[in-house]
Structures are given as C-alpha cells and as structure tokens.
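**Q** Just passing along the structure, written as structure tokens.
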Amino acid sequence: MARSDDADSRAARWEKEAHDLSTQVAFLQEELALVRRKLTESPRQVRQLEERLAAAQAQLARLTENNERLVSTLKEARAQIVTLKEEIDRLAQPPSGYGVFLARHDDGTVDVFTGGRKLRVAVSPSLEVADLRRGQEVLLNDALNIVDAFGYERAGEVVMLKEVLAGPDGAPGDRALVVSHSDEERVVHLAETLIDAPIRAGDSLMIEPRSAYAYERIPKSEVEELVLEEVPDVDYTDIGGLHAQIEQIRDAVELPFLHADLFREHQLRPPKGILLYGPPGCGKTLIAKAVANSLAKKIAERRGEEKHTSYFLNIKGPELLNKYVGETERHIRLVFQRAREKAGEGTPVIVFFDEMDSVFRTRGSGVSSDVENTIVPQLLSEIDGVEGLENVIVIGASNREDMIDPAILRPGRLDVKIKIERPDAEAAKDIFSKYILPGLPLHPDDLAEHDSDPQATVAAMIDAVVLRMYSETEENRFLEVTYANGDKDVLYFKDFNSGAMIQNIVDRGKKMAIKEFLTSARKGMRLQHLLDACVDEFRENEDLPNTTNPDDWARISGKKGERIVYIRTLVSGGKGADAGRSIETASNTGQYL
C-alpha cells in the first residue's frame, strides 16, 4: 500500500514535470518561431532604420542651414538697429554752427566770429589751441564751444588791394585796405595764409565780408585784365618794307638804353615816348613788339647774359574806360605801377597804347561826355613821372593822330613821331618775301619755267603779283574823290594796300593751292593762285563803309590833305555793284581799307 502511494505520487510528480517540460517545450518552440520570424524580418527593419537615419540627417542639414541663415539675418538686423540708433541719435542732436577763429588767450579760451557776433568760447580737450590759425574755420557745438577745426574759406567776394596797413612797429601788419567793385573802401584782416604772401597794391583778394577776413590772392590782378604782359618773339627781320621807320625807332629807343653814359655826357635827355601813326594794317603793333624784343637782346649782349627778357604791356584801350568816376584814372595808375615794378628788375618795359585816339581824345571834343578831361591829365602825369625811371618807354599807335590831345603829342612826352606809310612796290616785294618762301610747295609748271630753282620761282611770282597790284591800269581803278575846291583825283587799289592785305592775299593763294591739290592731285602753289587771290581781295574791298562823312573815312585810310566832300567807286562788274555809286548811297558795307 505504501509502495503504491509512493508510486502514485512519483507518477503524479513525473506527470507534472512532463507537463511542465511540455509547456516549456511549447514556449521554447514559440520563442524559436518568433526568433526565426525576427531573423527573417531583420534586414527589412535595418533598411527602414537606415532610410529613417538618412532622412533624419537630411532634415538636420536643412535645419542647420536655416539656423545659420537666421543667425546671419539676426546679426544684420542687430547691425541695422545699431546704425539706425546712431542715425536717430545724430538726427536728434542740436545743430552745430560754424565760426571763424580770431585770437587765443592765456586762460585757454579763444575768440571766434559767428552769427554776426564776436564770442569768447572754450576749446574741446581733443584740440590743441596752439594749432588754431587766424581766419581758420571752426565747428561749434550747441554750447558754442569749439569741437573741430577745418581749413580756410574758399568762396567770397573779390576786391582790389589798395595797401597793406603797417603794424605798431612800422612793419607790414595783419590788416589791409581794400576797394570793392562799388568803390567802397574797407579795412580787413589778413588770414595767416596771406601774412607772408607776396601781395601788392592792385592784386585781387578774396574776402569773406561778414568776418572781414582776406583769405586768398586771386592770381589775375586787376591790371592784368587791361594789359597783355608777354615776352615778344617778333624780330625786326620779321617786318618787311619799313626799313626807314625801323631805323628811326632804333635811334629813338635803343641808343638811349644802350649808350646811357653818352647821353648823360652830352646832356641829352632820352625820349619818353613814341607815336606810331599811319593807316591800319601797316605794322604799327608789329614794330612795337619788335622794339621790346630787340632791346632785350641788346641789353643781354652787353651784360653777357644768354637769356634775354623783356615785357610788352599791350594796353587794351577801350577796356580802360569804366562807368564809375575815377576808375579809368586808377587803371592808368595801375598800368604804370606795373611798368615801374618790371623796370625795377632791370628789364626793358614797353608800355604800348594801341588805338590811342579811342581813349586819349582831344579834351572838349566829346559829344555826350567829357571823360577825356580827366583821363588825359592822368596819362600826362604818368608820362612825366616816367622821366626818372630806367628801362621804360611809352609807345602809342593810332590811325587818327589828329584826334589825340595835343598835350600828349608835344615834345617832352611823346617826343618821337614816326609815320608808318602804306607800302610802295619795293616795300610790297619785301613783305611778300616774308610770306612766300622757297620752302613752300611750288607747282611743277612754275618751277619748270625757272630751271627748277625755287628761289628764282618765288622771286618771279612776287614780281608778277606786285606788278599786278601796283599797275595803274583800268582794272585797278578804285575811287574818284572830289575835294572841297572842286578838284578830282583817281585812286587805285595800290593806294590802299597794306601789309595785312598782302598777308591776306598770300593766305588766299595758299588756300587755293590746297583746294586744287584736293581736286586734281597736283600739288604746289602757282602764280595764278596769287593773281586770283589779288583779284578776290580787291573785289571784297570794293564796297566802302556806309558813312556820310567821306573826309573822316579818308583820314582813317591815310588820305589826308584837302578835305574830301564826295567819293564814287570806279569798279565795275564786281559783286553786282554799279559803277559811279557815291559813298552816301552805298547799301553794302565792308572793312576799312
């Protein structure tokens, strides 16, 4: 019985253990199936995880880029905010004023001129008071303290310096007396830029009227507006047909300058001035320029100098006149003051008044004004003042010397009077030789007629064209003049010839040669070109000026003597003009001959 119970219990235990083992086997089988299934699904999951990882990395890169862009935008926005804040702060600041520095004081304060007031203000610690200069522009804050310094004023009013006022010790000071365009005088301070500058009376200065400071010397002085100051390069050899006149002017000008000791020994006073008179275009201005050049060369040779210097002050006569009373006289004084300064340097100075009759007319001859009543005496006093000066001579030129005030022409002022005549045939040849040179392109046909000798060809061309100009033939008849006594006279084109007309004829001939070369490819100037140019020049001058006073016109043209009361032209076939027209009825006007 006991064994049976024990067997039953063992059987039950074994059965239970078998059941447990069966359960475990079933569980393990399920686990094994699950493991097998997982092993089967594992590669697919790996691929999915890899895909998710790649997507996450791409999203991370995008987020990183966006983050960097946002950071950059944030930095830019922060910088813009700072800039805008600075701009707002700057716009919110009170306005700063400008002033002019006047003087410094021992206590560190300075005087400035601003807003029409003179103030004593402090200077910012960032600036050195010792570095501030009189007349300098400074910046003032809202408390009117200097916070910055700049340069000098660059714009203002132009005035004429009359004189630099002396300081307490008698030396040139820091103030000047100036004259405005309205002839108003005022005293101004000189900025430090002008304290040591070489300024003189007559210079133009730029001032700032409110602060009364002069800042800058304008390079062109007032007197330079009236004269042409130059070193002439014209020589006597450049002038043709005036040998006698050149000899006269050499005796009058060069001898006193080059042999001053002989003049003093003989107690001979050198001439103060020369008057060159004659018809227009005959070389008066050219001679005056040659005088200055020749005189400078001679003086340089005597001194043993290689470089020669001379000054030719060519006065623009009509520009001397000014509507304000006394201005014309002041201009004349400035001209002679400049001449004295240049002469003081030891160089010859020629003061040349061209068209002298336009300014220095006979006193009392004015129709509507009496301006010459004060201008002429001013010139007379200046010419008399030249007596004690060295290297200065006055030369006047005019084609109406009868209209110049007699006090100017009397001995002791314009001592030497030289008439510049119209060129005769020989003088015309000499003038032509200055413009027609063997080196010019000459036509082969003309050269062939003279054995290809350029010199002979040029000489023959000049002889032929002068013969054409000066022959008293029917085609050269120009005018018939009637004098007050009833006499009549026939004038030819040669009677109105001049050096300027000869130059114009040569220029016309050269132009014709150029035009022929461009059309026919045959190069060189021919005699026919000059003859045609001569005809064209005469034809252009056949219409006289439309004046009702033929006697005045004749005087300007150089025909003086018996008074002319009537003029009629004798030219036919030119420009459609009818022969026999009187000057009073001429419809077309031309130039003075």
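Cβ from N, Cα, C; glycine included.
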**Q** Which one of 34-53, 354-373, 534-553, 574-593 shows up in Swiss-Prot as region 'Disordered'?
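**A** That would be 574-593, the stretch labelled region 'Disordered' in Swiss-Prot.
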**Q** Taking DSSP three-state, what's Gly281 (ATP binding site) in: helix, strand or coil?
**A** coil
**Q** Residues with Cβ closer than 8 Å to the Cβ of Leu286 (ATP binding site), same chain and 6+ apart in sequence?
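**A** In sequence order, Val234, Asp238, Ile239, Gly499 meet the Cβ cut-off.
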